[in-house]
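A.B. asks: Not my notes, these are from TrEMBL:
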- 197-215: compositional bias 'Polar residues' (COMPBIAS)
- 196-228: region 'Disordered' (REGION)
- 12-39: transmembrane segment (TRANSMEM)
- 51-71: transmembrane segment (TRANSMEM)
- 137-157: transmembrane segment (TRANSMEM)
- 163-185: transmembrane segment (TRANSMEM)
- 267-294: transmembrane segment (TRANSMEM)
- 306-326: transmembrane segment (TRANSMEM)
- 347-364: transmembrane segment (TRANSMEM)
- 376-400: transmembrane segment (TRANSMEM)
- 412-431: transmembrane segment (TRANSMEM)
- 443-462: transmembrane segment (TRANSMEM)
Amino acid sequence: WPRWKKEAAFIVIFMNTIVFATCPGPLLASSTFALAGILNVSLKKIAELSGYQLLIVGAFGPIVSVLAQKYGKRPQFLFAATVGLIGTVVCIGGRSNYKTLLAGRIIQGLGATAFESLSQAAIGDTFYIHERGWRTATIVLTLACMASMVSIIGGVITEHLGWRDLFIISLPFNVAGWLATFFLLPEMQFRRETPAEGQQNNVVEGKQSSSQTEISQHEKNISEGPTSSRNVKRTYVQDLRIFSGIYTKENIFKLLAEIFIHLLNPAVLWILTISGILVSSFAGSAYILAQIWSVPPYNLNTAQNGYFFFGAFIGGIIGVSAGWMCDVSARTMSRANKGIFEAEFRIPINILAAVFLGIGWFVFMWDVDHPRPNGYYLGAFCHGCVCFGVTITSVSGGLYILDSFRQYSTEIFILQMMTKNFMFYAFSTFINDWAASSGPGEVFKVFGICSLVLLISCIPMCKCFTLLTECKMASGAFGKNTYSLSDVFGKVNRKFYHGLWSTYMPKL
């Protein structure tokens, strides 16, 4: 692909992640109390407008993953943009009908799944390792932090124009996103030719393969294959096709089962735990912020509660630098490792995440336990620190997946998305009662402790040597130049599971 084609595809994915995956969820967050009165339903019913949407996103994720592996990512992105557009139209037509609005929100959830779960994997398909850092960071930003800005804007629109205008204003962006997906987002999935296949076509100093029949058959397979590297370059019109071929002959049910097989991989469990708990705890805290600031001595109104999210928004914007920092860390450690890159070199940046998460959660705890009229300023700063720390961890984890298990990145990102969304829904069922009974300071203290304990798990992934290596190094058995930055549990785990998957997965 030429550079403009890659960048155009990335811009479309980035913008549509905002339009279809990020905006719908928190769009009604600032309008909860107003909608309860307008629709004449309880606050719990209004919360379910977002709760059921999150459940749909999480539950539909594995299906999107399987279809993406089988038929490519373009059909999934087109389907997501289409149903996202339809869902917005249904919400507009809901007027004061709660059931219609709920149906529209569920349809929007179907539209969010592909852009939330496939975007980072698409970056791995399209860009080189050294080009993924800041792009992954921007995608993580849209998923983790842009919700803050959506809540701010949504509150202002609802207050001055009405809740239906939230969807009316969203509609042109949905239409533009659909058009951009159709015209500027071609299929990016491919099947790389294996060395054995390439050897069948080698002609070395005038010598051909042992069988002319094998050559002819191989060339036929190449010409018919959807994504072989020897294909004739597709024209722009051909790129507009919805389906460009089948990318695996595996059974759909087998592909679905393979998603959950990755839960046997300790590195995947580590990523799911880190991303699921850290991100969902940050997002879950939003459920109780209005509960904190709307009462004395703060007495913030609805708009002011929305403005509080500026702290998190600024923290997320600064968090874009996490991709650059991960790239710098990887390059620096690769030089120290005699020019050899290891995926674990993305992990040390989490030291900075631990610092900001610790400051954010524990100072926030102190702030709400010592209420004073202007305390929300410090609270907004702490919220921004937490957002920055979560963004660093999410970027580091996403890049580690792409660098370590790119072949399985789609399935792993699906598991990550499922974990996060199910935990979002779980927090919505109890966190308000927890904050009311134990106090919000207790909630933030628990979140802070859990965050730091989880981040300690980064140490064995990138620093712990095997016991045998340590003993032999201590005794000098390997000499002075034995020390290697890549001799870590993460690499040992990668080697083991790549060998395990390559041996047994084809036999399943």
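Every residue, even glycine, has its Cβ placed from backbone N, Cα and C.
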A.B. asks: Is it the case that the transmembrane segment (443-462) and the transmembrane segment (306-326) touch, counting contact as three or more CB pairs under 8 Å in which the residues of each pair are 6 or more positions apart?
C.D. replies: no
A.B. asks: Would the transmembrane segment (347-364) count as touching the transmembrane segment (137-157), i.e. at least 3 C-beta pairs under 8 angstroms with sequence separation of 6+?
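C.D. replies: Stretch pair does not touch.
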A.B. asks: I need to check the long-range neighbours of the transmembrane segment (412-431): which residues 6 or more away from its ends have a CB within less than 8 Å of a CB in the stretch?
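C.D. replies: Non-local partners: 47, 50-51, 54-55, 57-59, 61-62, 64-65, 113, 116-118, 120-121, 259-260, 262-263, 268, 271-272, 275-277, 279-281, 283-285, 287-288, 397-398, 401, 405, 443.
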A.B. asks: Looking at the stretches 51-71, 306-326, 347-364, 376-400, which one shares the most CB pairs under 8 Å with the transmembrane segment (267-294)?
C.D. replies: 376-400
A.B. asks: Cβ pairs under 8 Å with the transmembrane segment (376-400): which stretch of 51-71, 306-326, 347-364 has the most?
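C.D. replies: Stretch with the highest Cβ contact count: 306-326.
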